[in-house]
């Protein structure tokens, strides 16, 4: 589902009713020309790729370190844990490890360490796992409930294997539950175990893909290594394929295709899984398929002279995304095998011969709320004296989601993960009734990693393995999912089952399809090739295998018939007996799929165009007519694209039969969201077209969410599903349209209070709708508006509450949006950059999962603004370059750049950082190109064009091109003076910058006039206590010093110092230096003079502004000082 539309900080904010933050941060510092443009929310609504009043208070909150043992959780969490709000150290292991805590079952089976969500049972089989009874080896030590590992608080043990234990845990910093894997190195091969776990974490950290489990953090505490990762609620893919009634072959194929994409993503970053099988694939209750257990993952083997991986093209040394975790050595040789047999197969204790009974009812994701519980599942809790609750049991939550809502989502709420309830939410390994044992497990002495039934022949023999070995295991697994049995005639009742298995694999003895199977033969043949004994005889890569599995011959035949009909004409087909049948698609298309334009009636039609044109021309803006033409052209193009895609989606299902009705429903739901957003915008344009609305209209029209994601089937499958109940869906669409209207009121009209009232009403109304994704969207809209109106702490609280909800409903893009918004609010608005940077890694991980280039650009712009608060403008410039590259790549068509306001904004941001560092020459071409884009897109009379001209003039002046600079200043002021009504704050900004140029050119009298006008406008539009008022005060003080009025300068600068304390470092440094000069000129306080100048010099040096630092140092070195600015 499309994320909520972000209500960004608009560049033309100001005037009556403006938000607390909008007027102030847009101008007034060296970087102020682009301060508004650092608004990261600005581009969040323009998505490509996946679908997928108050005053800010200063906080002394310190960032939480990565590894601490003294972190206190919230009282509610500690109450849940049964502890006071005090830390509990990890207990030390005794000689033989600590005895199990009360309630730790003696019958729990080993848990494969990265299989996050599998709780198994004791089925009576002998075990070599040292954590299990009867193994003859010592048990591992147990970490008690409430222990602190890193910053994470243990809730309960979920399962164990010999490499370590998996716990459910609580992250107090991010207020969410996670899965925590802990490796104790008090083992015989502790160094290997430690290296193994770190390797696994690094491997997973390199992956950010919706079909791969996500690692959040990895670290060490004492002798322990821990990995924090995603807690997956759902079932294993094996269970889903066994559900009764059995899923169709197409549904099974769709599950495995999603898993295949996860494997392909792993291969693309140089990793192989080595133990792919149904129990290592999780299907969340939201339908997301996720490959888990990379516990056997290793870097793809490369010989010293190898430069490419077969089937993957050229090797790449580029990291997929930055992280604090070290990179993985891609040249590690797999032939140097470790003894990895400690970590047993996740299904090793599922039923084999003589095992426990099968599940009562193995439900798929859509049946999860009614799934039963197997006898084996209950056995794992017998030592607790209790039976596990049913999967559909009611669970509490931090954010209340009622039972009906959970049913709508297809799974239980994870808000409060009580240990017993936690187990009810986690998938269990199947007690398989399938023919042939998939669970032949390795002995302790075996050094080959993997599960024999699924392993490729080369893996059995210890030969070199690679991506094609994973592909082989995938084909075995898919075969089992389709036919309910292994492709080989083998079971553990045979005298030598392993030898039989190896022989059949080597001879490629694939059993025939079972009688009455409806799996098409073409699909079986794809798998047969994938099961070839030699890797070179298989499909050349995972991607090639995916392509073959997606290439249904029946669909291909229908496509060829259409091409023939189009190529030779219907006249040549008259004699065919199927003539009437061949005409049927066109008739169906016209009858069923030709009504898309009707859906836009009242949204964008001739009547709406006339109404909007009349509304625009009724404003006093001289460029209103030109603006309407540009907006009309943009909306025409958008409506045409919407209509075309709506028809195509319909025909794909009802005419070409290439697409299921369920996929059509996803596409139409996606398109309806975009129609709703367009309708909210045209309603605003037609009925409430103020001057501000007209000014913002072109950017708003260009910011409509892209249509491409509505054709991306893979991305749609990974998004939140629409409600199935028609009445619920209608209510959801109604409330979503109200959220769209709130967004347009804020973004297009700057009416934040009205928008907030609407969003709060929707949030209240959403409580009664059993569809949690809607509530998540409403929460995000309210949080953004709190921030827009200056209620920064309330915004932060709501975002922290939102994050776990958004994660539970599976809305990856909303999670990413919330993280970026949280960073912006904490790091920039609340001026807590250190706290914000401590959250950068999880934010980056969330953005990578969302896999959207504009979201990446938003994150990098946010991080750039935050590090600039820390005074690191070089780092800010690096982030801003990345953001610019991302935006340029998005807004480029066939290699030709498409002019877009977002690209102009990104160039302006980067130029601003360069200007602060005194690198005006580098900034100049960026500012010139930003101006050119805005003139082309917005017209030459738009306020943003005036802003760009002012920015450009600043750089020209610094380079000594004063005449050109003054010309640009005059042009900008003329545009803004022509605007209707009261002066805009941006006009004050233009006058203040003109004053600086005049001062530099040696005309202090003209500069004084400009600074006085700027001060007048700033105080009228932003208030006398706003920090940007400091800028013209500095200018007036500099004029006073030139005119030898030191006492006047002191009064001005003391006020400026008061206004700028605790704000932008550059402004504060310039105030300090100016005040030091004024104090010396007045013969005052020499100690204070030195202190002020020294602090200013330190700042300029830290940010790399050598010219400014040299000027301050010259002042300090001279007893007489300098009394005037240049």
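One is the number of the first residue shown, and numbering goes on along the chain from there.
Even glycines carry a Cβ here, placed using N, Cα and C.
Predicted automatically and left uncurated, TrEMBL annotations should be read as such.
Annotation comment: TrEMBL describes 181 as ATP binding site. Residues or ranges marked as compositional bias 'Basic and acidic residues' in TrEMBL: 28-40. Residues annotated as compositional bias 'Basic residues' in TrEMBL: 41-51. The annotation compositional bias 'Polar residues' is assigned in TrEMBL to 316-325. The annotation compositional bias 'Low complexity' is assigned in TrEMBL to 346-378. According to TrEMBL, the domain 'Protein kinase' annotation covers 152-555. Among the features that TrEMBL reports, region 'Disordered' is placed at 1-139, 306-438. Look at TrEMBL and you will find 857-890 tagged as repeat 'TPR'.
The DSSP secondary structure for residue 181 (ATP binding site) is strand. In the predicted model, the repeat 'TPR' (857-890) has a mean pLDDT of 93. Counting Cβ atoms from all protein chains shown, residue 181 (ATP binding site) has 28 others lying within 10 Å of its own Cβ. DSSP assignment over the repeat 'TPR' (857-890) gives 31 helix, 0 strand, 3 coil.
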